[in-house]
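This report refers to the structure that appears directly beneath it.
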């Protein structure tokens, strides 16, 4: 609030507000869509594969992001109505819990994308040994490690967010992980053709190769959407910490609500990509809706 007020005083940039109805509508849509993905994977035994479990992990991260923004907006409304104060002990603990949920959503999305990228890499370059390398048990162990690490990190970062030593590693992690995934992609696409020639003589290799490349393209779309939706908010965190009194930084921070809406849009777009790129998941959705009717 102090940053927003300061930006209005020293810049000509007025704060861009998003109507509360839009917030709740977008958030509810994101939660509902990702919940449908989780139900579809749970009900269809053909989807009980490591790749879809990693996709479920990404869906949970998206749900947490939408839930965070929904609760935050709800508590802001309660503050305006006088039911909550801005500087009380209870409100401070509540704010820490909300920050922890936001960080958990961000870290969960990053590491879920990293797990999906590693899974696609193994699928493309170790296709014949994939089921021996990436078993269902190993996928569950990987997810358990990811979420344990993300939960611990989110609590630590939320409690010590006022320390620069905490903010810097958190903000560096975002571009670092994205750079690592990007390098993995470049390596995959550069070697995909040569690898395809080596296994071209094997039966059904062409079909498997097309399927694997399609999976890599799908993941590329996920990564692009994630960057577009989360990068503006991460930039806001950096500016708020290191140059809150700069007129240009304050002007950018005036679109805080728009950046928050982008995070929730990510939760809506990802399930659409799931349904559009996966025929099996699309078929499961149709069966679910037909049974509901």
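Cβ atoms here come from the backbone N, Cα and C positions, even for glycine.
TrEMBL: automatically predicted annotations, no manual curation.
Sequence annotations record features per position, and here TrEMBL assigns domain 'G-protein coupled receptors family 1 profile' to 33-274. The transmembrane segment annotation in TrEMBL covers 22-42, 49-68, 102-128, 140-162, 168-192, 213-235, 255-276.
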Go through 22-42, 102-128, 255-276 and flag the stretch with the largest number of C-beta pairs under 8 Å relative to the transmembrane segment (49-68).
102-128
Within the same chain, where does the transmembrane segment (22-42) have neighbours whose Cβ lies under 8 angstroms from its own Cβ atoms, ignoring anything closer than 6 residues to its ends? I mean 6 or more beyond.
48, 52-53, 55-56, 59-60, 62-63, 65-67, 69-70, 73, 257, 260-261, 264-268, 270-272, 274, 281, 284-285, 288
Tertiary contacts of the transmembrane segment (140-162) (same chain, 6+ residues out, Cβ under 8 Å):
53-54, 57, 96-97, 99-101, 103-104, 107-108, 111-112, 115, 170
Given the model, what does the mean pLDDT over the domain 'G-protein coupled receptors family 1 profile' (33-274) come out as?
79
